[in-house]
Ligand code: GDP
Ligand code: MG
């Protein structure tokens, strides 16, 4: 135990965490060079393509340092704000953290939020100034920022480059010397923290854990404290490049457990594994993940509902943060109302359904959870506009508010404040981190950042601003439900809950957008926006003049068939509502209102 080091790497996205992890794996010969692919820890296709780490993974390295053999467990954490709960559990499994800061960028919002999580868990922080190979690196300036932030000495900061392989040995030395060995009692009742789980179609769910107390042996009867379920530890082991089974694992170590679990809901990140016959207390900090954003997911072909359900179940096996329940929409039929951690998470789920399960789905306008009070103290949770009670019976509505922390170059402060105020934000605080770097804190409605806030922020700051946020609670707001009607028929999937001050503008722009997006059909389509009975905007899509087949009148039959075939393909993501065909883009039109 005295030579075990458990650590994670925290960094703002793109500051070089994955690249640096690769170098550590190489340097400790955990992977041979020929096995090395860039960013080895990001082993999901999607992660590689997007260059981001979606799920946390762990890997064990052996390192010989000053005559001693060390076991270094690296726990990789996702950097995106959507996955902060996973980050927090990974951090809780460690004694130390490498804090990576890109020396050409400086401290960003997620550097700080992850750092606070690490400090909150009493982790030893090793600051690493990364990418010092870059010609425009600003080591002095960024070092000042780091010193200001964590109060370390200048000499504590390691200068490194994951890309050029600089400073790797220094980092490994610091891990051995500065990070404390795990504490705990190997003879005490078992307490192991689940910090991740991965679905394997052959072996069921692999649970990743960190033992805080006690010893786990192969074959032991174990219990997951928060779910109350019991299992047999069929296989336990450590995570190298591949899994290496062990007979026994003890306090301080990190490993995997396989026990024939098929259902992801049984494995909750943050839960504690203990022995059935000698149980311990649960480890603190367990939370059921709370989805922040909700949207409907529907099969394009109504007949594929069961298949979609099966796919969602499988997806949930390795994404415990995805929650869903069946939902029916008058416009879209049978589907699912899903809860996501954020917009990126939503995109990922949709993409995975398509790639890994070959499903073609329609997603509806994302929404946050509103609380509608039908009396002063009777509350209904509204995860979809359709769940909003009749306005006549609503006393008031509350919406989730966040504290948003934005860090930017000083020159963009004006436009950022304007943007946030336009999003109903209130500036609470503004601090200069250095002469050129400003940290701003806003309180704003979550609903306003669900849409295109992040993109806008990036655009107006030319990529220099970073954002992090946390939920601070629910506040009363003047919200209304805005309905869209096509030829007089309400399309429930296009309804949205918006602030009254913005409803007119929203309705008008949405109608205009829909006019662009709805393909012309054989008849005229009236697009209307309404609040209750009141029509607030209207647009018209003119009828189509010719039908496609008319063009090949007299042409040969195979050409006609091809055309029909083509039309059918084009239809893939279309939905018939009444007599109007609606393409997928229309269901997400509100995301692109400008
Ligand atoms: P992560 O998002 O923190 O995991 O960052 P990555 O490791 O994926 O790196 C982000 C980008 O920075 C990639 O294009 C890397 O090639 C590049 N990068 C990473 N480390 C270095 C470095 O030390 N020097 C330079 N010049 N580029 C780097
Ligand atoms: Mg990465």
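Cβ coordinates are placed from backbone N, Cα and C, and glycine is handled just like the others.
Features reported for this protein in TrEMBL:
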- 2-183: domain 'Tr-type G' (DOMAIN)
- 14, 15, 16, 17, 18, 19, 130, 131, 132, 133: GTP binding site (BINDING)
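When Cβ neighbours within 10 Å are tallied across all protein chains shown, the highest count among the binding-site residues 18, 130 belongs to 130. All protein chains shown were included, and the count of other CB atoms within 10 Å of the CB of residue 16 (GTP binding site) stands at 24.
18 are the binding-site residues among 14, 16, 18, 130, 132 whose C-beta comes within less than 6 Å of an atom of ligand 2, given in sequence order.
The binding residues for GTP are recorded as 14, 15, 16, 17, 18, 19, 130, 131, 132, 133; their greatest pairwise CA distance is 17 Å. In sequence order, 103, 139, 159, 160, 161, 166, 167 constitute the residues six or more apart from residue 132 (GTP binding site) in its chain with CB-CB distances below 8 Å.
With a 10 A radius on its CB, residue 14 (GTP binding site) counts 15 other CB atoms from all the protein chains. When the binding-site residues 14, 16, 18, 132 are checked against ligand 1, 14, 16, 18 have a Cβ within less than 6 Å of one of its atoms.
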